[in-house]
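One structure below.
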Amino acid sequence: MSTLPAVEPAPGSTRVPAGSARQDTAQPVLRRRAGGRVIAGVAGGLADHLSVDVVRVRATFAVLCAMAGAGIVAYALLWVFTSAGDDTTKPTGRERRRAWGLAALGILGALVLGSGPIGLSSAVVVPVVVVAVGATVVWREFDSAGTRSASPRGQRTSVLGWARIVAGATLVVVGLCVVVLSRADMAALQSSFVAVAVTVVGIVLLTVPLWMRLWRALGDERAARIRTEEREDIASHLHDSVLQTLALIQKQSHDSAEVMRLARSQERELRKWLFGGGREDHASLVRALTTISGEVEDHYGITVDPVTVGDLPLDDTPEAGGLGREAATAVLGATREALVNAAKHAEVASVDLYAEVTEESVEVYVRDRGCGFDPAAVAPDRQGLAKSVRGRIERRGGTVQVRSTPGRGTEIGIVVPRGLGRKDTVEDHHRDDRRDHEREDRSA
């Protein structure tokens, strides 16, 4: 039994697997060209569907255009009722010039033959051609916008694209107006406008469900996008804060004090992120005290438990019943100094901070259960607490009480009336800051 010699495929051809001949001979689906289009890709898609040369298809459309514009109507219908393909091959410059030349010949033939005995008058053909050109420009731009929105990058319509849409719409309106005005006298023009308006209203009423569905779809898409962005923000924040802190806690697991400090710091950061609402750290008294407590915790390694009752903005003027920025600065500075003093000298792991805002005053209490001291037995050169805290508060009309007993802890009470604190000068602020720095240097 003889065998047939193996036949090698021709250069440039592709070997066809066995059993796939049926699939290769199937007629492709009619789809417009996307990448290889010149106007809308209708002629190219039809050529691919019929397996013929695209030049022949374009020439056929040009001939049909000369027959009372039948080619334009056929092209428009195929454009509307066929979907775009996914090809990306761009047409060559020669192919573009040939396609535009055939299109120009078709339109010219429609204009010339339309004025003869076998066609319509030029008063109708010319406006119809103008309308067709305008519609082509608008449809082509919308087609391009749809392709861009489906792409991974999701590009938006450019300014030039919107200019094309406006120009095409203008051509359509001008062409329709010429057709209407050439066929109707001024007496019947008003009735024509009424008829058009009634038609538009009817179309709007008939398409209300469609517009509502589109509106709901847009709303759902917007809500889904917002939820996605929120999830991404939460994931980014958790990665940058909580996960990093957990990693540090794992590395410092042998140091319980450091673990507690990291946990407290992360707790404050999460509370600020969840409930802060983007406000500044010193926008209110409560937020300012919370920030000061966190700074003392991080710097001295102790736990500060702030408890606040009431709140007020720090930028309210004394005349408006507020505390005033200068008095608020004094309260915050005195509170920080009291916390630092407890952290450095009380020999405790935690300090209590209580603040209350009433209609008459602002009260702040700092208490520790440490070693305590005898206020009467403090040496003259160790009066930093009394001078720093008491001095800056009394200059604003407030009072300071220091209660301490050896072995039973210390409590410092700060009371500043609302609306009575006089404005501080720049020299007072600088003097208080210098004293605090000098005292910290001596203690170090």
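Every residue, even glycine, has its Cβ placed from backbone N, Cα and C.
Worth saying up front: this structure is predicted, and the values here are computed from it rather than measured.
Listed features, source TrEMBL:
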REGION    1-26  region 'Disordered'
DOMAIN    30-81  domain 'Phage shock protein PspC N-terminal'
TRANSMEM  59-78  transmembrane segment
TRANSMEM  99-118  transmembrane segment
TRANSMEM  162-181  transmembrane segment
TRANSMEM  193-212  transmembrane segment
DOMAIN    319-385  domain 'Histidine kinase/HSP90-like ATPase'
REGION    401-444  region 'Disordered'
COMPBIAS  421-444  compositional bias 'Basic and acidic residues'
DSSP-derived helix, strand and coil totals, residue by residue, for the domain 'Phage shock protein PspC N-terminal' (30-81): 33 helix, 1 strand, 18 coil
Whole-number mean of pLDDT values that fall within the domain 'Phage shock protein PspC N-terminal' (30-81): 78
The domain 'Histidine kinase/HSP90-like ATPase' (319-385), counted residue by residue under DSSP: helix, strand, coil: 31 helix, 16 strand, 20 coil
